[in-house]
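**Q** Straight from Swiss-Prot, here's the annotation block:
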type	residues	note
REGION	1-20	region 'Disordered'
MOD_RES	THR40	phosphothreonine
BINDING	ASN86, GLU151	CDP-choline binding site
TRANSMEM	89-108	transmembrane segment
TRANSMEM	116-133	transmembrane segment
BINDING	ASP133, ASP154	Mg(2+) 1 binding site
BINDING	ASP133, ASP154, ASP158	Mg(2+) 2 binding site
CARBOHYD	ASN144	N-linked glycosylation site
SITE	GLU151	site 'Increases basicity of active site His'
ACT_SITE	HIS155	active site, proton acceptor
TRANSMEM	156-176	transmembrane segment
TRANSMEM	180-199	transmembrane segment
TRANSMEM	210-230	transmembrane segment
TRANSMEM	246-267	transmembrane segment
TRANSMEM	286-306	transmembrane segment
TRANSMEM	315-334	transmembrane segment
TRANSMEM	349-363	transmembrane segment
TRANSMEM	368-388	transmembrane segment
Amino acid sequence: MSGHRSTRKRCGDSHPESPVGFGHMSTTGCVLNKLFQLPTPPLSRHQLKRLEEHRYQSAGRSLLEPLMQGYWEWLVRRVPSWIAPNLITIIGLSINICTTILLVFYCPTATEQAPLWAYIACACGLFIYQSLDAIDGKQARRTNSSSPLGELFDHGCDSLSTVFVVLGTCIAVQLGTNPDWMFFCCFAGTFMFYCAHWQTYVSGTLRFGIIDVTEVQIFIIIMHLLAVIGGPPFWQSMIPVLNIQMKIFPALCTVAGTIFSCTNYFRVIFTGGVGKNGSTIAGTSVLSPFLHIGSVITLAAMIYKKSAVQLFEKHPCLYILTFGFVSAKITNKLVVAHMTKSEMHLHDTAFIGPALLFLDQYFNSFIDEYIVLWIALVFSFFDLIRYCVSVCNQIASHLHIHVFRIKVSTAHSNHH
């Protein structure tokens with residue numbers, strides 16, 4: 001989504017309103033706002049100026065998109081015009097996260113059997129998220145409220161959803177019995193999502209493949225339903241000829257999908273730079289974004305393999321969420337770098353959580369690794385939320401709009 005939403009008064013004017021659009025801020029609201037806001041604005045004046053000039057560009061369509069368009073068009077017409085697009089997105093994300101956390105609660109090591117209704121809830125939660133995520137842009141155009149903030153918010157929610165979706169899938173097939181495969185599948189998912197925006201940072205255009213997010217989500221929904229129908233015996237059954245367990249089949253599909261997608265992504269990354277001398281949209285090296293995701297995956301792999309207490313094997317869900325929050329933040333920063341045509345800096349507070357785990361192992365687990373993992377999880381989550389809230393509030397204030405509310409006023413022109 002791009003363009004401009006309806007205007008509003010800035011926070012701090014004669015009738016101060018919260019940037020998130022919930023009206024007058026109470027004392028508690030002010031305290032929370034300070035707690036979840038960075039001490040200094042994350043974006044510079046020049047970045048905000050370039051953000052205003054940003055225009056959303058996409059190319060291609062996936063296999064199922066034409067079939068789903070009719071349903072999405074029908075669904076968006078059922079949504080009241082006063083509901084903000086970002087509110088639609090955050091509702092879908094919240095449902096997706098809550099249903100996945102149910103599975104995490106029942107299956108903390110991804111080897112247990114959850115109640116059947118939990119798998120059904122997870123399948124429904126993912127379908128709801130897919131549906132709402134697909135119509136937020138349509139709602140923005142329908143209400144003439146498109147903005148760069150809407151595009152950023154949409155991608156930000158997707159980055160977090162990716163973490164929970166891949167984790168929920170691994171739990172559904174009980175992949176915790178094969179920790180190496182679970183590690184690969186979870187980090188392959190976040191890596192591919194990062195690469196999708198990496199090539200956008202290079203080329204300026206978000207490209208969709210024949211097999212893309214919609215198709216993968218439908219496949220995952222089917223796997224949740226198979227967990228309901230077949231249960232553990234189904235995933236533990238052997239595939240004839242291949243002589244592997246059924247649960248390994250989705251992992252092999254992930255390998256194939258990673259190779260296929262990354263081939264297309266890196267073709268664009270190495271040849272599609274729109275900046276000077278084939279550089280990124282910001283004029284930086286096309287390889288520079290690799291340092292961030294490469295650091296995350298390298299740290300995750302080293303800590304996994306060097307743990308003396310089998311930290312990942314015993315607590316895979318906590319581990320994936322910890323590094324997933326880190327990946328989500330650096331992906332969000334990549335999206336911001338693309339939309340503001342700016343450089344990505346490697347130094348980031350997102351790496352503090354993984355660094356704590358690494359240093360604890362370096363000093364022979366001076367503190368119980370499980371305790372440090374919880375500290376890293378909480379810090380990484382707080383760091384992600386703090387950054388996202390700060391960016392959204394700053395952009396909303398700059399564009400004179402609300403994050404979660406459409407203000408009735410003279411509509412601005414659409415760019416999406």
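Cβ from N, Cα, C; glycine included.
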**Q** Can you find at least 3 Cβ pairs under 8 Å between the transmembrane segment (315-334) and the transmembrane segment (246-267), where each pair is 6 or more residues apart in sequence?
**A** no
**Q** On a simple 10 Å Cβ count over all chains shown, which one of the recorded positions THR40, ASN86, ASN144 is most densely packed?
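**A** Of the recorded positions THR40, ASN86, ASN144, the most buried by Cβ count within 10 Å is ASN86.
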**Q** Given the recorded positions THR40, ASN86, ASN144, which lie close to ASP154 (Mg(2+) 1 binding site), meaning Cα to Cα within 10 A?
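**A** Passing the 10 Å Cα cut: ASN86.
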**Q** If you take the centroid of the Cβ atoms of ASP133, ASP154, ASP158, the listed Mg(2+) 2 site, which other residues of that chain have their Cβ within 8 Å of it?
**A** THR89, LEU93, ASP136, HIS155, GLY156, CYS157, SER161
**Q** From the Cα of ASP133 (Mg(2+) 1 binding site) across to the Cα of GLU151 (CDP-choline binding site), what is the distance in angstrom?
**A** 11
**Q** These are the binding-site residues: ASP133, GLU151, ASP154, ASP158. Which one scores highest on other Cβ atoms within 10 Å?
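**A** That would be GLU151, with the highest Cβ count within 10 Å.
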**Q** State the three-class DSSP label for THR40 (phosphothreonine), counting H, G and I as helix, E and B as strand, and everything else as coil.
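**A** For THR40 (phosphothreonine) - judged by DSSP and reduced to three states - the answer is coil.
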**Q** Taking residues 6+ outside the transmembrane segment (156-176), which of them lie with a CB under 8 Å of any CB in it?
**A** 89-90, 92-93, 96-97, 99-101, 103-104, 107, 109-114, 119, 122, 126, 129, 133, 182, 185-186, 189-190, 193, 213, 217, 220, 223-224, 227, 232, 235-236, 247, 250-251, 313, 316-317, 320-321, 324-325, 327-328, 331-332, 335, 384, 388
**Q** In the three-state scheme derived from DSSP, which category covers HIS155 (active site, proton acceptor)?
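**A** SS state of HIS155 (active site, proton acceptor) = helix.
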**Q** If we skip the immediate neighbours and take only residues 6+ beyond the ends of the transmembrane segment (246-267), which ones have a Cβ under 8 Å from one of its Cβ atoms?
**A** 169, 173-175, 177-178, 181, 184-185, 188-189, 191-192, 195-196, 198-199, 207, 209, 211, 216, 219, 223, 234-239
**Q** If we call contact 3 or more Cβ pairs under 8 Å (sequence gap 6 or more), are the transmembrane segment (180-199) and the transmembrane segment (286-306) touching?
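**A** When sequence-distant Cβ pairs are counted, the transmembrane segment (286-306) touches the transmembrane segment (180-199), since at least 3 lie under 8 Å.
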